[in-house]
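**Q** So TrEMBL has the following annotated:
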type	residues	note
TRANSMEM	B:20-42	transmembrane segment
TRANSMEM	B:71-101	transmembrane segment
DOMAIN	B:76-287	domain 'ABC transmembrane type-1'
TRANSMEM	B:113-130	transmembrane segment
TRANSMEM	B:160-182	transmembrane segment
TRANSMEM	B:218-240	transmembrane segment
TRANSMEM	B:260-288	transmembrane segment
Amino acid sequence: MCTLELKNLRKAYGNIEVIKGIDLTINDREFVVFVGPSGCGKSTLLRMIAGLEEITGGDLLIDGVRVNDVPPDKRGLAMVFQSYALYPHMTVADNMAFALRLAGVPKAERDARVQVAAKTLQLDALLDRKPANLSGGQRQRVAIGRAIVRQPKAFLFDEPLSNLDAALRVQTRIEIAKLHNDLQSTMIYVTHDQIEAMTLADRIVVFNAGHIEQVGTPLELYHNPANLFVAGFIGSPKMNLIGAEVESSNGQSSTLRLEGGSPFTVPTALGQGEKVTVGIRPEHIAVTDQGTISGRVEVIEHLGNETIAYASIGGAEPLTVKLPSASTVQLGETLHFAPRGHAALFNQAGQAIALPRG
Amino acid sequence: MTKPTTTPTHRKKLMRTWPLLTPTVGLLLLWAFVPLAMTLWFSFQRYNLLDPTITGFAGWSNYKFLLESPAFLISIFNELVLVGAVLIITLVLGVAFAVLFDQEFIGRSIARLLVIAPFFVMPTVAALIWKNLLMDPVNGVFAYLARLLGFTPVDWFTHYPMAGVVMIVAWEWVPFATLILLTAMQSLDRQQVEAAKMDGARGPQILRYVILPHLSRPLTIVMMMETIYLLAVFAEIFVTTSGGPGNATTTLTYLIYLRALVSFNVGGASAGGVLAVILANIVALFLIRTVARNVDL
């Protein structure tokens, strides 16, 4: 059982505030991913939860108890570090048993618990090795094992996959997902990689510049980004964000003029002359002869399972379109595009304008 | 790997390297072997600077005379006490300072400079400062402080001569240990310390399980280098106690000096020199074995 409550949590270094009042509740057994660009404060917040950074203001509650001034080891949390931070002079088994040894757990029980964790992570054969003799992925597993052995209330992961190569990253991601399923414990995971966030999270918290942009399930964020930042951050390839001006509005729908001159209709009333931003995901664009947006294809990326085309529609940014791999689109060809539902609209402040779902 | 090239045609193209190596190797041979050979030679000669009539092969008598003299065993004992005590003090203080000066605090760079500073003071000067300004039982700062607190001032070089010398030499060598260990501290992975904190380690345990293992290699290096220099400590003894009172601070190094330039007995001094080389090699052997064990992770 572990719920975490963050109440107006703040962190400042001198006069510079890096965490600007975070309110968040993390439920029991939930897998929460903190995601955001580097320097957005997500790691700092995780370290504040861990007890490695002092909390400047606000309250941190674990299971309803305020732990602002409780030392890290007494909070009952375990952390997996980006650099793994294994103790280089200790064997894998000693690394994993270190916390238990400090806590005065008898050797027999220590060994038993290390064995159990090692079996879960397939580290049985490596228990006598030193970290220097392990591969990156194995070290990563030892770091996770060290956390498991402590049977913590919650796991904290600080960009644990960023030192692994691409193939191993995918594999370890799956292992972490499995681990969460097996252990059924609360996990907080920090990453700058939105794919990790989308695949692992029960709920994603998107950070930017020390505050929360949006909290929601991966699909909520994908379908209903609350603002331009989240819209641009979640999804790959990135959502097309096109500046537009309202030409006319009839109370039911409005006609926009996109940057570059193409007309675009949205099913909501807007003030004439209002400046908005239209967001369309590359996978929500169809190529049809009836399409109102026309553009010349400038770059084609064949990914095998799909083809990404970048078409110039007259604006500053090209329009990214996801096409089936069988598509015979040619470089330099002029195509007509139409949205397939799911367009998003943002006002000048960058906040989403609600659209009726069609 | 490339194949060994010994075909005649290829051989002609190879440069002869020995003309290039000879100057260096020759110089090193001269530098190291000539003094050693001369010392060995003299140690078997009757050779006294005061009496040129005493000449000829002495056999083992120089060694016999030295080994039978009570001063010899005492000097070896003193040597080991001095080296051992200074090593312990410098390593303990070195670790303490390295950990301390690794922390963030205001004026850290100045504090670091100051803790390194004693290293730049010449041994003779350091010894004179300590002897006359600090440890003098009448005019010294220590004596002043002792009187201020109502104690009788300690006459260091009369009552605790070896402790006095150890203090001076340790003061000179703490900066060296601090410098090397502080550099090593800076390469310690901060996340390891944080991981240990999360695992429930407090200060002493972090020192024991994270910092000291990390410092084990630099500690061995410091130990080895200091031992080499400490076996040859001379100026501090010469300036402060001249090996006395009695034999209390006569180390082997100092004993050789006494034999050679006070008794003018070159043969006896050379025998002492040879024994000192052997002693140094025994110490070095032990150290290198510990280093080898430590370096092999």
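Here, residue 1 is simply the first one shown, and the rest follow in order.
Each Cβ is built from the backbone N, Cα and C atoms, and glycine gets one as well.
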**Q** Using a cut-off of under 8 Å between C-beta atoms, tell me which stretch among B:20-42, B:71-101, B:160-182, B:218-240, B:260-288 contacts the transmembrane segment (B:113-130) the most.
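**A** Going through each listed stretch, the top one turns out to be B:160-182.
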**Q** Mind pulling out the one from B:20-42, B:160-182, B:260-288 with the most Cβ pairs under 8 angstroms to the transmembrane segment (B:218-240)?
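**A** Of the candidates B:20-42, B:160-182, B:260-288, B:160-182 scores highest.
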**Q** Can you name the far-off residues of the same chain, 6+ from the ends of the transmembrane segment (B:260-288), with a Cβ under 8 Å from a Cβ of it?
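**A** For the transmembrane segment (B:260-288), the far contacts come to 36, 38-50, 58, 62-63, 65-66, 72, 76, 79, 83, 220, 223-224, 227-228, 231, 252-253.
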